[in-house]
Each structure stands twice: as structure tokens, then as C-alpha cells.
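As recorded in Swiss-Prot, the features of this protein are as follows:
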- ALA2: N-acetylalanine (MOD_RES)
- LYS83: N6-succinyllysine (MOD_RES)
- LYS102: N6-acetyllysine (MOD_RES)
- 137-190: region 'Disordered' (REGION)
Amino acid sequence: MAGSRLETVGSIFTRTRDLIRAGVLKEKPLWFDVYNAFPPLREPVFRRPRLRYGKAKSPTQDIYYHEDQIRAKFYAAYGSGPKAFDLFNPNFKSTCQRFVEKYIELQKLGETDEEKLFVEAGKALLAEGVILRRVEKARTQQEGSQVSRKSESMGVESQTALEENPPLKEVPQAQHLESPGEESKGLSPP
């Protein structure tokens, strides 16, 4: 049993105790008498971890603020926007933060309808000079411009436009910066 590696059968104390009784171990380990005098409240026995299916539940609850719901609505409607966060400026406020502040300011004035508050906060930012573009409209405009390009390429109107403006000549990919009189001196071109 000494070389069986059955760590799962019992605790280290019970296995050591049995080895001493069988005469395999001649001397007691230093910790054996201490463990015997002060046994733990729960015996340390190996247990296989249960298989978990699905997402593991976190022991802490997520903290949501009212502002987070406003931000989620803002990003769903307007996206992150073209302007990046300026992390070097400690007084920088993102468009979303300015929107949330306007939303809360209008809410304190007594408005209760969330949709109306959302629209009014957008209008207030527009009055300050911040232009908000809805994500859905931008996507449909891009798709619409692609469709119009495809339809134009098949029509006669685009052919006449090509005849008026001849296509540009292709520029070679590898351009040498050497003057015509200079020869390359055994070096391969870049």
C-alpha cells in the first residue's frame, strides 16, 4: 500500500496511521502527534470536483447603476462614435458621459418618460454642437450607397461617365528611387 498512490482513499493522517500500524514506517512524522492532539474540524479528504455544465455562477452580484442603463441605451443607439477617449486629459468627458449628464439633468427637471428623455438629451447635445449619428441609419446609408453603386455600374450612365473620365494608369508597385544613370551595385531591388 505504500507505493499504491491511493491519495483518494483517505486523508494523509489515516494513511500514515495505517502505515505505522503495519510497521512500514518505523518513526512517526513530526506532525503526527500534533494532528492527533488537535484534529481539524473537517477531515481533509480528497474529493473529485463536480463537472460543471454551462456558465459558472459568480459568487458576487453584478452592480448596476441607473447610469449604466442609460449608457447601454446610448451605445445601442449611437455606437461608440468616431472620437476616441483622450486619456491624457483628466477633464475629458466622452460624448456618452455628456449625454448621461444631460439625461439626468432633464430627469431632475421632472420628465419621467424615458424615450422622451432620451430624445431630449440628444437634442440638448445637438444644441451644444455635438452631432450624434444613429447606428442603424449609418448602416442603412452604407448599404444603400453600395446598392446604388452596383446599379450604376450596370447602367449606361456609368459607361458615359467612364468615357468622359478615362481610368487612371496603374502605378507600378516597386518604384526605384535611383536616377536613370545610376546602376544598382549588386544589390537586389527593394
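Placement of Cβ uses the backbone N, Cα and C atoms for every residue, glycine included.
Non-local contacts of the residue listed as 'N6-acetyllysine' by the CB criterion (under 8 A, 6+ apart in sequence, same chain) comprise ALA121, ALA124, LEU125. The residue listed as 'N6-succinyllysine' falls within neither a helix nor a strand when secondary structure is assigned with DSSP, and so counts as coil.
Counting every protein chain shown, the Cβ of the residue listed as 'N6-succinyllysine' has 9 other Cβ atoms within 10 Å.
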